[in-house]
Amino acid sequence: MSPLYPPIEPYAHGLLSVGGGEGVDPNQIYWETCGNPSGRPVLVVHGGPGSGCSAGSRRYFDPARYRIILFDQRGCGRSTPHAADPATDLRHNTTDHLISDMELLRRHLGVDRWSLYGASWGSTLILAYAERHPERVSGIVIAGVTTTRRAEIDWLYGGVARFLPQEWERFRAAMAPSRAAHPGSAQLDPALAVTRGRDLAAACARLMEHPDPEARAFTAREWCAWEDAVISLEPNGRRNVYSDRAPAARLALVRICAHYFAHGAWLEEGILLREAGRLAGIPGVLIHGRQDLGSPFATAWELARAWPGARLIPVTDSGHTGSESLGKEIIRALDDFADGDARGHLPS
């Protein structure tokens, strides 16, 4: 058994200016470092997009062997300006910006090469970064693999509705474009009778720019209710994972999610799988729940086939939010990386 490591606090933290400054790009990202300052550097890349880093993520790593680096991506967590503020301009918040931020943070902290760990959206950002900067990556552990292709977005915000028709009708009605003019209405717009996930995300993004704060709050609540409904069908699915967030965190998460998914995360369709050959030589462990309803197992399988040297570990009893057995696999993989030996999880 590999239990979580004990809670740990940062020994350093700060805000890093990543834009051009006030009036150009005022973004600053929050970062923190924990564990052993002389340990193996690892960057924790959170999900969402827009979730923010969490103290719980620190506990996957042996603090005696790792220099654990966490950061809040643009617009969320303790980064500024915060996306919960409708005045925050999201034009400077794209996947390319986040990749650039990771490189700025690496240089700021004096790291030559680092390992990467993340889940869900974090896996998309890890892959995008590593394929652009493979020389800076010493190893990758991913749980809950996503590549944010159109089909993946359309599944989560459309295809999975066949399992949750009642919850889907409520969600789709809440995102109807007609609500932008009448935010109190839940009347279904006929234009959304057949919905692509990207179209629904675009409708949500428009609603999250509504001048009425109640309209924005309602939209965020309904988006989170849908995410929670999907997770509720999974084994070990936790209730209200999204809905229980603080109001500001919920607003930022939904606004950023909708912004990214409406634009396909500004990634050329299928590029992360096509370019996975660039990861050759980087040890990789992909850990994925077979019962992940929101991010089906097929994506992890496709990535394992495309990435030379990666190992796919299916977890039978787990969905998207994980399980005890999935957590053990994450810790086992990270412990192996800390030993400088991932051979136990890589194909011969």
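Each Cβ is built from the backbone N, Cα and C atoms, and glycine gets one as well.
Listed in TrEMBL:
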| type | residues | note |
| --- | --- | --- |
| DOMAIN | 41-321 | domain 'AB hydrolase-1' |
| ACT_SITE | S120 | active site, nucleophile |
| ACT_SITE | D292 | active site |
| ACT_SITE | H320 | active site, proton donor |
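Shown on the structure are the features that TrEMBL records.
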{"residue": "S120", "record": "active site, nucleophile", "CB count, 10 Å": "24"}
{"residue": "D292", "record": "active site", "CB count, 10 Å": "27"}
{"residue": "H320", "record": "active site, proton donor", "CB count, 10 Å": "26"}
Integer Cα-Cα distance in angstrom, S120 (active site, nucleophile) to the residue listed as 'active site, proton donor': 8
Integer Å distance between the CA atoms belonging to D292 (active site) and H320 (active site, proton donor): 5
